[in-house]
């Protein structure tokens with residue numbers, strides 16, 4: 001249940017995210033018999049049990065430390081074994097809002113991939129919503145299912161190994177929102193349409209890295225009667241914060257003077273062949289300025305987010321559908 | 001939908017906020033009037049056209065029309081208003097005669113002497129322009145965090161501290177706002193941030209404690225979401241003054257000795273006092289699951305005041321439209337040693353027009369989404 005509620009203290013069996021640095025985190029399941037070793041030393045699980053989450057934990061041999069963090073879906077994305085490309089937080093956030101996800105929402109996701117976005121979705125729709133997620137790769141589906149079970153998310157997530165292009169989702173009149181992270185979303189849109197709760201408005205998102213995919217997806221959404229087709233791209237740009245000294249032109253002039261003085265003294269010393277007394281160096285620290293800069297290299301593209309609205313079926317359309325069904 | 005707020009999108013693309021009450025009519029100005037009963041209980045998503053002054057019929061919505069380029073170009077296009085044979089008076093007369101919007105548009109197109117010479121793209125554009133003028137089609141839009149934000153961002157962005165929806169969404173994700181959470185929120189965005197947090201908590205499964213400016217809170221935006229009582233009850237508020245441990249004793253009185261009028265007043269005062277006391281108790285007990293800030297006050301001072309109430313390994317997320325403010329806070333966080341990995345980020349969002357043969361980024365867009373400073377609070381310092 002780590003992902004659905006917080007605890008204060010670490011207990012046996014808990015999942016802890018060991019934070020060594022921004023790039024180096026690792027998931028640990030607390031087992032008093034185990035120790036975790038990294039280049040900063042030895043960390044005994046038994047030392048961690050009973051500590052509060054957020055504790056700065058020194059290694060047993062005192063060579064370094066790490067932080068014991070409480071799992072969140074965001075931290076999980078850092079430590080999940082990357083079985084596939086994962087979604088980034090800018091996209092996750094925007095999609096969650098645009099699809100109007102909240103406690104109680106019923107949502108369809110395809111494919112599951114590494115299950116990292118599923119964790120995020122489950123967090124948002126808990127305690128009374130449901131996520132139906134589909135993955136055609138059998139091993140990936142198994143691995144994700146295992147993660148959901150370990151993390152106490154099984155009641156919220158139904159995962160199925162299924163080729164949705166060929167077989168569809170097999171769900172009708174059930175979900176509020178659909179998220180398609182598929183190479184050919186247009187082949188799943190008809191089935192996705194049937195999955196929506198038919199008598200209310202719904203939202204769909206197609207997640208595609210290429211513009212050609214977006215164009216085909218939009219044409220297909222249009223064909224299937226989806227409206228308000230919108231496409232976005234969002235990113236998070238990091239700003240590195242630094243402290244820089246503020247030098248002035250006066251400093252530049254005095255820097256040259258100091259250099260010239262040194263040279264002159266050296267020449268004098270060489271000429272007289274004796275060492276002149278060292279003049280005391282007066283160095284004044286310049287005032288500091290807090291600044292930020294963008295990194296030299298940054299993520300420039302993740303995927304295009306195509307959104308559309310599913311329109312509720314009108315009463316007269318329902319009559320028509322019913323009549324057709326009767327004829328069948 | 002009775003007694004609920006809805007946004008009505010007018011043909012001019014303007015949005016009108018309406019609190020729907022049954023058995024009443026809503027006037028959309030020059031576009032006409034409709035009876036609330038005609039749309040109450042109907043699902044959102046469809047548009048309606050007004051006819052016969054106050055009757056409505058459902059209009060099937062479509063996303064976009066496939067436009068075939070006929071090969072026409074703008075070589076012979078001359079800006080000449082005389083090409084339109086219908087005068088303003090003629091159109092007004094048609095309207096008075098009760099002609100429907102779609103028919104007026106058809107008539108306007110027929111009366112345009114060189115409409116055929118236009119390219120298909122400019123034909124589509126022309127029709128759209130006329131629709132915004134003569135159509136009587138309106139669309140009720142359900143208030144969601146996105147649509148509520150869209151309305152206030154377009155209307156008066158400075159009131160919500162220029163916060164863009166992608167940035168707000170990131171705050172909600174990073175703060176891990178979900179059912180069962182207990183969150184501290186400093187909101188000077190008219191309640192936009194609080195609204196998002198309340199929705200993600202979804203009612204009785206958590207606590208949202210809003211620390212507000214002034215004596216009384218001004219979370220005006222909350223009401224547009226039509227939250228259930230359960231969700232509304234999850235919100236507790238304290239002013240900056242009330243969070244400090246100064247005693248403000250309440251003068252309890254013998255209720256049986258009060259007059260009817262005094263009793264009512266007394267009970268309300270007592271209820272308010274007890275509500276504040278309860279919120280204070282919850283705050284002072286501490287152990288909050290996160291802190292979200294979008295405030296006019298210096299973030300460092302907010303951190304100093306509220307961080308002691310957080311549990312360990314919990315997220316802190318601070319928004320500001322001015323990067324400089326957060327750069328200073330970031331340095332402050334690093335020096336204090338209580339915060340793990342303070343990160344300053346800028347939100348970037350770009351919308352595209354996707355149409356057959358005409359896909360490109362929107363020509364105009366918001367200039368910036370603001371900045372976020374996030375960190376994890378670590379309870380123990382060694």
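Don't overthink the numbers, they just go from 1 along the chain as shown.
Glycine is no exception: its Cβ is also placed from the backbone N, Cα and C atoms.
Your range for region 'Disordered', going by TrEMBL and the list A:220-257, A:258-295, is A:258-295.
Put plainly, the binding-site residues A:135, A:181 were compared by Cβ crowding within 10 Å, and the winner is A:135. Secondary structure at residue A:181 (S-adenosyl-L-methionine binding site), as computed by DSSP, is coil.
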